[in-house]
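S.K.: Can you keep this structure in mind? I'll have questions shortly.
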Amino acid sequence: MFRYLLPSIVLVIAYSSKQHSAVLSSIAFSLVGYVVTDLLIPRVGNSFIKIGLYGKDLSKVGRPVIPECIGAICAAVYILLMMFCIPFMFYKYMVTTTSGGGIRDISTESYQLTDNLFPHAKLSEYLSSLLCLESTALLGIADDLFDLRWRHKFFLPAIGAIPLLVVYYVDFGATHVLIPGFMQNWLQRTNLDLGALYYMYMMSMTIFCPNSINILAGVNGLEVGQSIVLGILALLNDSLYLTMGPQTSWESHRFSAIIILPFLGVSAALWKWNRWPAKVFVGDTYCYFAGMIFAVVGILGHFSKTMLLLFLPQILNFLYSCPQLFHIVPCPRHRLPRFDENDGLLYPSITNLKETPAKKFFQPVLRALHVLKLIHVEFVNGEIVSCTNMTLINLVLVWLGPMREDRLCNTILQLQFVVGVVAIIARHALGALLFGHDNLWAIV
């Protein structure tokens, strides 16, 4: 009964906040998102199966049929919530007492704010973010429905990000990067303006983040779990700036927190149903949508480079997968771990190199990777006949041995969290050493 009343309760809390805190409202809406998503998923699952949106869980005995593309529910709830959140985010700018003529531009705030003009730039950032996320969700749904080829869908997130980049250009437009202190005397400058290259970098980020989560997938709970861990790490970085950083950085990281908190709410509900043993599949919709969330907050929150550090496991997984992604080594359609029904454990999956061998120039590299324990290679008469598929999931199984699916997922999520925390510490420590100062502190 409480879960049915919770949405009304948290909305009352958000509305009655005397300080009209946008972050407090975002926390309230994250609770609403959790409850609504948790209520919808079990109710729509059978409907998805009836229209053909289902898949077989290849890592379970009997390969049960479960609903697919449930990430679309998560994305839809999130987007609707963020639309409802708009009045609460900007409430303090809308509640004014006028001088009597009804002209809001010369009004006095009820709470005596120093800046009483409506922040149209912030609203444009917010709306462009929603437009970008809607476009990405539609791409994910199209992929789940029509199973688009990689060469067709790879660059599509960048098209959806055009409104985001236009708003960045109009409202912020910074394209320079700082030069490390030891190079400043040599280059006779403190920063380097990248111009159009910086926009290409941001567009590349909108392509990489959605696809990287889609590549590191295939284990119950992993897609949602890594997104939740990334969200928590981003919030940790935001909290450092909101408590220790300069006032100039508050608005950017407040925006980041407002975007991420409701996302964590809907993702937590989805993870409840997608974790082992999964009752639903999230589909490509969630992977693209979640990745674009982090691209949006990284770009408009002005910490895109820090965000990429949090994606270090995804970056390593992509680089590790490149030989197969670019068909230097044969790449099967699915590179999921192999499930053994006898013991219920997952083993590294392999690709057959006997019929279709790897490129000749790369075969010595395969032997070296085998020696370094980065893959397992099978030899027959000195010839390579098979090797494990090159994914981070299979690499963990190569290193740690076969394990149950939930333990494998938890191991990768723990790795994601530890690497993320180390990355945040390194970013602020090395930033201060290289540039003489950091956004959180300075070295004299």
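Positions of Cβ are set from backbone N, Cα and C atoms, glycine also.
Not my notes, these are from TrEMBL:
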- 26-44: transmembrane segment (TRANSMEM)
- 65-90: transmembrane segment (TRANSMEM)
- 154-178: transmembrane segment (TRANSMEM)
- 198-217: transmembrane segment (TRANSMEM)
- 224-243: transmembrane segment (TRANSMEM)
- 255-273: transmembrane segment (TRANSMEM)
- 285-303: transmembrane segment (TRANSMEM)
- 379-400: transmembrane segment (TRANSMEM)
- 412-435: transmembrane segment (TRANSMEM)
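Looking at the shown structure, what environment does each listed feature sit in?
M.R.: Nonlocal intrachain contacts for the transmembrane segment (65-90), taken as residues 6+ away from its ends with a CB within less than 8 angstroms of a stretch CB, comprise 14-15, 20, 22, 25-26, 29, 32-33, 36-37, 40-41, 44-46, 48-49, 53-57, 118-119, 122-123, 126, 130, 133-134, 137, 140-141, 144-145, 258-259, 262-263, 266-267, 269-270, 273-274, 278-287, 289-290.
Sequence-remote contacts of a segment are chain residues at least 6 beyond its ends whose Cβ falls under 8 Å from one of its Cβ atoms, and for the transmembrane segment (154-178) they are 121, 124-125, 128-129, 131-132, 135-136, 139, 190-199, 202-204, 206-207, 210-211, 288, 291-292, 295-296, 299-300, 302, 435.
With a cut-off of 8 Å between Cβ atoms, the residues of this chain six or more beyond the transmembrane segment (198-217) that come close are 132, 136, 154-155, 157-158, 160-161, 164-165, 168-169, 175-177, 223, 226-227, 284, 287-292, 294-295, 298-299, 304, 307-308, 311, 313-315, 317-318, 321, 391-393, 412.
Sequence-remote contacts of a segment are chain residues at least 6 beyond its ends whose Cβ falls under 8 Å from one of its Cβ atoms, and for the transmembrane segment (255-273) they are 22-23, 26-27, 29-38, 41-42, 70-71, 73-74, 77-78, 81-82, 85, 89, 122, 125-126, 129, 221, 224-225, 227-228, 231-232, 234-235, 238-239, 242, 279-280, 282, 286, 290, 293, 296-297, 300-301, 303.
Note on the transmembrane segment (379-400): residues 215-216, 218-219, 222, 313, 316-317, 320-321, 323-324, 329, 331-332, 335-337, 346-354, 357-358, 363, 366-367, 370, 373, 408, 411-412, 415 of its chain, located 6 or more positions outside it, place their CB under 8 angstroms from a CB of the stretch.
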S.K.: Counting only residues 6+ away from its ends, which parts of the chain sit with a Cβ under 8 Å from the transmembrane segment (224-243)?
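M.R.: Cβ under 8 Å, 6 or more out: 213, 216, 249-250, 252-254, 256-257, 260-261, 263-264, 267-268, 270-271, 274-275, 282, 286, 290, 293-294, 297, 301, 303, 306-307, 310-311, 313-314, 409, 412-413, 416-417, 420-421, 424, 428, 439-440.
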